[in-house]
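One structure is given here, and the rest of the page talks about it.
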Ligand code: DQA
């Protein structure tokens, strides 16, 4: 499908260690690689009339910069901040400053895991959070953003 230059941009941001998907604790995170997830997101976004930017970084500051760059440019953010979810006030502040609707995604169900994973700084700035559904969470997040962007959602 030819990409429409006017399609709203969704920035899909991935944090530390997510480049290891496929080999990293597959019993928790599944066997798909991040490239597999990116391909599925691109295919699905095209059906929704959304343009996708997809990135991964192991560095907190780079994630902050990527979030800042969404302001006034991206229509939505899908973010799996990995372990920074549970530690980073800087990422929370960047999301609040960006003023772009964000959906938080985790492959695993963080509430069934270590207690330090139960708290999310990202959640304070996110419209919603999807966890425990594996890579399908990214697809659901795109659906949620498409709905929010069209103004059909309540929230
Ligand atoms: C994760 C959950 C985090 O607690 C963990 O640090 C990750 C992955 C997930 O997708 O389930 O790196 O964000």
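Using the three backbone atoms N, Cα and C, a Cβ is placed for every residue, glycine included.
Feature annotations, courtesy of TrEMBL:
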ACT_SITE  29  active site, proton acceptor
ACT_SITE  106  active site, proton donor
BINDING   80, 86, 93, 107, 108, 117  substrate binding site
SITE      24  site 'Transition state stabilizer'
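In three-state terms derived from DSSP, residue 86 (substrate binding site) belongs to a helical segment. All protein chains shown were included, and the count of other CB atoms within 10 Å of the CB of residue 108 (substrate binding site) stands at 18.
DSSP assigns residue 80 (substrate binding site) to a strand. A straight line from the CA of residue 86 (substrate binding site) to the CA of residue 29 (active site, proton acceptor) spans 17 Å. Cβ neighbours within 10 Å of the residue listed as 'active site, proton donor', excluding its own Cβ and spanning all shown chains: 24. Here the Cα atom of residue 80 (substrate binding site) is found 15 Å from that of residue 24 (site 'Transition state stabilizer'). Taking every pair among 80, 86, 93, 107, 108, 117, the residues recorded as binding substrate, the greatest CA to CA distance is 24 Å. Residue 24 (site 'Transition state stabilizer') falls outside any helix or strand according to DSSP and counts as coil. Annotation for residue 117 (substrate binding site): spatial neighbours 85, 86, 110, 111, criterion Cβ-Cβ under 8 Å with sequence separation of six or more. Within the set of recorded positions 24, 29, 93, the entry lying nearest in space to residue 106 (active site, proton donor) is 29 (CA atoms).
Here residue 93 (substrate binding site) comes close to no residue that lies at least six apart in sequence on the same chain with a C-beta under 8 angstroms from its C-beta. In this structure, the C-alpha atom of residue 108 (substrate binding site) lies 6 angstrom from that of residue 29 (active site, proton acceptor). Under 8 Å, Cβ to Cβ, and six or more positions away along its own chain, residue 24 (site 'Transition state stabilizer') finds 17. For residue 29 (active site, proton acceptor), the same-chain residues that are 6 or more apart in sequence and have a Cβ closer than 8 Å to its Cβ are 21, 107, 108, 134.
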